Amino acid sequence: MELSTEVTDGLQLSGDSAHIPDSVFGALVESVCDDLLNRENGGELQIADKFGSVDKASLKEAYAALMTFSLECAKNNADSSNISSVLEDCKFTTERIKTFTNIFLEKKSHIQALLGSVSHNPPHIVDVDWRLDYYIKNNHVDKVNQPTYLITLKTEECGQQDTKDVQFACTMEQLQDLVGKLKDATKSLEKASQM
C-alpha cells in the first residue's frame, strides 16, 4: 500500500498520544468511518465536545490522514495484518492498532460498497450494425463512385439497461484506419493488464 509522506506524517501524529490522547483516538476513528459513510456531512470534521481540548490543527491533520488511510485500506481490501504492519511503521501502540482495526473492519464492507458506487465508467460497446452504401453521385459532384460504410455502435453504460446508438459514416480507408487503431489499443490494454 503506497502512502504519501503527508499521510504517513499524519498517521504518526495520530499515533502519538501527546497530540491525540487515547480518550480522543477512538472517537476520531469512529468519526472518520462515519463521515466516510455519511454523504450529508461531505467529509468535513465536525469538531465536537468529544475531542476535548485537542489542538485543532493536529486534529485536522490526523483526521485527514486517517480518512485517506481508511480509503486506501478499503480500496486494497486490507486485512488486519496489513493494517497492523502499516500502523506499526507509523509508531502506533498495540492498543491504538487494535482500536483502529476493530472500528475499521466493522465498517470496511460499507466503505467498499461506497467506493464501488463512486466510479465513472465510460460506455462500452455491446453490438455493432453496419451497412455498405455505394454513392454514385451527390449534390456537389456528378460522379463519386465511392463505397461508404454506415456504422452503428450500440453502447451500454454501467448500471443501465437501455443501449444508446453512436452512428457514423466512413470510407474504406477510414474504416481500415479505425480497425488498426482498435487493434493497437487492444494490444496496449493486454500489455498493461499483464504487468
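Here the Cβ of each residue, glycine as well, is placed from N, Cα and C on the backbone.
Automatic, uncurated: that is what TrEMBL annotation is.
Now, the feature entries from TrEMBL:
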DOMAIN    124-193  domain 'COMM'
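Confidence annotation: the domain 'COMM' (124-193) carries a mean pLDDT of 88 in the model. For the domain 'COMM' (124-193), the DSSP counts in helix, strand and coil order read 22 helix, 31 strand, 17 coil.
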